[in-house]
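Novice: Questions regarding the structure given below will be posed in turn.
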Amino acid sequence: MTNTRKTHPLMKIVNHSFIDLPAPSNISAWWNFGSLLGLCLAMQILTGLFLAMHYTSDTMTAFSSVTHICRDVNYGWLIRYMHANGASMFFICLFLHVGRGLYYGSYTYFETWNIGVILLFAVMATAFMGYVLPWGQMSFWGATVITNLLSAIPYIGTILVEWIWGGFSVDKATLTRFFAFHFILPFIVAALVMVHLLFLHETGSNNPSGLISDSDKIPFHPYFTIKDILGALLLILTLMILVLFTPDLLGDPDNYTPANPLNTPPHIKPEWYFLFAYAILRSIPNKLGGVLALIFSILILMFFPLLHMSKQRSMMFRPLSQCLFWILVADLLTLTWIGGQPVEHPFIIIGQLASILYFSIILLMIPTISLIENKLLKW
């Protein structure tokens, strides 16, 4: 008798995606982050749903409704901090997932990669709008500063900003629409994830060597399901340590002050996971130039397949490219640090140098080194 999981119309899809899926036998722990991102998304949707049951998207009551969740709702504090720190875990997994893709040349799967970059943009938009909802000082001023950047667009900029605001400043209309978008976007992200997986399963997974692994495949279950469960347990452990011991470690103290349009905080900065892009934005003195650099700092990921000059797919056997990759990682950490610092000497010049280095490594150095490595192969 044929197994139900192989014949049932719905079970069949699950079976081909998570059970009988042929996976390369040598994929390392770096391939765990896809499933961890799925776990993060599910957790964020679930905790977000429970928060939305008690939250009010009104400027007069938003801040106090978050306080009410933390003080009066059963385990409200836990749900709130799981949601806030869950976003941080989400971005840690995202950055590691993207980094893995860059290191092992997974970007040669064009469709999967480009959908992934669109997903990154969608998650960043979701996180930004979520940060505005508690209506603290940093929520309000973060929303004001970031939305105001659109006014740099020639001719239609000012009209566009006022249209997004729903008035002449960030106010009730802005908060309400941000809440609506913050609620709907994760479901759009979930739909895009399905498309991401659809394209991935057309080609099959990449592996650390970057070689075709059709001759050496093993079933996803039980080998990689058990491996993913281990990753999930470590993720939950890290998250719960963060939530239960230092829930405000990654937050901003200014957000415990209710939003006040008449009082600007001394240092306006976004959450830590946006600091690298914020540093690139601030490093350019021109407003429009800064906005373009900000967008391009993420959009540049889409150009990686075009910039791939090496005869080898993965960086596993390319020590020179490996050096550049880790310099790029160090550069991104430097940008993250600079994004959280005030705009004064020596941080300005460090930020500018780190921004130049970021684009130089990706656009010039990696392709050049790849060509040199191709030459070295002939020796």
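Note: Cβ is positioned from N, Cα and C throughout, glycine not excepted.
Not my notes, these are from Swiss-Prot:
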BINDING   His83, His182  heme b b562 binding site
BINDING   His97, His196  heme b b566 binding site
BINDING   His201  ubiquinone binding site
TRANSMEM  33-53  transmembrane segment
TRANSMEM  77-98  transmembrane segment
TRANSMEM  113-133  transmembrane segment
TRANSMEM  178-198  transmembrane segment
TRANSMEM  226-246  transmembrane segment
TRANSMEM  288-308  transmembrane segment
TRANSMEM  320-340  transmembrane segment
TRANSMEM  347-367  transmembrane segment
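Walk me through the surroundings of each of these features.
Specialist: In the three-state DSSP scheme, His83 (heme b b562 binding site) is classed as helix.
All chains included, 20 other C-beta atoms sit within 10 angstroms of the C-beta of His97 (heme b b566 binding site).
Remark: His201 (ubiquinone binding site) has His16, Ser17, Leu21 as non-local neighbours, by Cβ distance under 8 Å and separation of at least 6 in sequence.
Sequence-distant neighbours of the transmembrane segment (77-98) (same chain, 6+ residues past either end, Cβ-Cβ under 8 Å): 30, 33-34, 36-37, 40-41, 43-44, 47-48, 50-51, 66, 69-71, 116, 120, 123, 127, 130, 235, 238-239, 242-243, 247, 250-251, 271-273, 301.
Within its own chain, the transmembrane segment (288-308) is flanked in space by residues 98, 102, 105, 107-108, 110, 113-114, 117, 120-121, 124, 149-150, 152-154, 276-278, 280-282, 355, 358-359, 362-363, 366-367, 370, which lie at least six positions past its ends and keep a Cβ under 8 Å from the stretch.
Residues 99, 102-103, 269-270, 272, 274-280, 282, 310, 347, 350-351, 354-355, 357-358, 361-362, 365-366, 369-370, 372-373 of the same chain lie 6+ residues outside the transmembrane segment (320-340) yet bring a C-beta within less than 8 angstroms of a C-beta in it.
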Novice: Measure the Cβ-based neighbour count of His182 (heme b b562 binding site), defined as the other Cβ atoms within 10 Å of its Cβ.
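Specialist: So the Cβ neighbour count for His182 (heme b b562 binding site) comes to 21.
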Novice: Which sequence-distant residues neighbour the transmembrane segment (113-133)? Criterion: at least 6 residues beyond either end, Cβ under 8 Å.
Specialist: 48, 55, 57, 62, 66, 87, 90-91, 94, 98, 101, 106-107, 139-140, 142-143, 146, 174-175, 178-179, 181-182, 185-186, 188-189, 192-193, 195-196, 199, 270-271, 273-274, 298-299, 301-302, 304-305
Novice: To the transmembrane segment (178-198), which of 33-53, 226-246, 347-367 is linked by the most Cβ pairs under 8 Å?
Specialist: 33-53
Novice: Under an 8 Å Cβ to Cβ limit, what residues of the same chain, 6 or more beyond the ends of the transmembrane segment (33-53), are close to it?
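Specialist: The answer is 69, 79-80, 82-83, 86-87, 89-90, 93-94, 96-97, 100, 130, 182-183, 186-187, 189-190, 193, 228, 231-232, 235.
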Novice: Please work out the number of neighbouring Cβ atoms within 10 Å of the Cβ of His83 (heme b b562 binding site), leaving out its own Cβ.
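Specialist: The answer is 21 other Cβ atoms.
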Novice: State the Cα to Cα distance, in Å, between His182 (heme b b562 binding site) and His97 (heme b b566 binding site), rounded to an integer.
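Specialist: One finds 23 Å between the Cα atoms of these residues.
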